[in-house]
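Trainee: Sharing a structure with you now.
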Amino acid sequence: MFINIACGIAIISAASPMMQEKLNYTPMEAAAIVGLIGVFNGLGRIMWSTLSDYLGRANTYIVFFAFQILAFYFLPQISMELAFLIVLFTVITMYGGGFATLPAFLGDLFGTKQLGAIHGMVLAAWGLAGVVGPTIYDMVKNATGSLDTTLKVFAGLFVIALIVALLMKRTVVKAHKENAKKIEEKLKFA
């Protein structure tokens with residue numbers, strides 16, 4: 001989640017200058033689109049958390065990271081305004097969806113016994129990611145002078161997030177099997 005948040009907050013903080021650079025938006029036009037980011041973030045919270053009930057939380061995060069690898073890699077090459085905005089807003093829905101789906105995913109991973117404490121620790125990391133993401137963005141952009149390179153660095157970070165999500169999915173599947181076995185054994189003795 002740290003990577004997802006770092007990248008998500010970085011893209012939000014860079015959205016206005018990115019649209020000015022790539023789509024030749026005026027600062028006022030870019031600001032209007034940035035205002036819509038909140039709407040798509042909110043829609044993503046509802047849409048993705050609902051979909052995660054059907055897809056499974058681990059699968060939902062795998063979709064997030066796989067899409068965002070492609071989005072961050074190819075976004076700088078998209079010059080058609082509508083396509084650029086669709087990709088940007090889709091990423092933003094996933095950022096909101098990641099936040100909304102997180103408590104249920106933590107429950108899948110760790111159970112609900114200490115969920116509040118675990119969620120609190122994850123939210124602390126979330127806050128740190130909010131500082132780290134834009135800092136990395138600025139450092140890479142200033143060092144390279146290239147939005148393309150900067151977003152490709154973030155695409156690389158999403159590759160790491162995807163690998164972690166795949167490993168976590170394996171952990172969730174294993175935990176569910178172990179829990180089912182324990183329940184089955186308890187029912188035998190009941």
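Placed from the backbone N, Cα and C atoms, the Cβ positions cover glycine too.
Grabbed the feature section from TrEMBL, which reads as follows:
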type	residues	note
DOMAIN	1-173	domain 'Major facilitator superfamily (MFS) profile'
TRANSMEM	30-48	transmembrane segment
TRANSMEM	60-76	transmembrane segment
TRANSMEM	82-106	transmembrane segment
TRANSMEM	118-137	transmembrane segment
TRANSMEM	149-168	transmembrane segment
Trainee: Any contact between the transmembrane segment (60-76) and the transmembrane segment (118-137)? By contact I mean 3+ C-beta pairs closer than 8 Å, pairs at least 6 apart along the chain.
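Mentor: Per Cβ check, the transmembrane segment (60-76) does not touch the transmembrane segment (118-137).
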Trainee: In this predicted model, what is the average pLDDT of the domain 'Major facilitator superfamily (MFS) profile' (1-173)?
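Mentor: When the pLDDT values over the domain 'Major facilitator superfamily (MFS) profile' (1-173) are averaged, the result is 92.
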Trainee: Could you give the residue numbers and ranges of same-chain residues that sit at least 6 residues beyond the transmembrane segment (30-48) on either side and whose C-beta is under 8 angstroms from one of its C-beta atoms?
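Mentor: Residues packing against the transmembrane segment (30-48) from afar: 12, 15-17, 19-20, 60, 64, 85, 89, 92-101.
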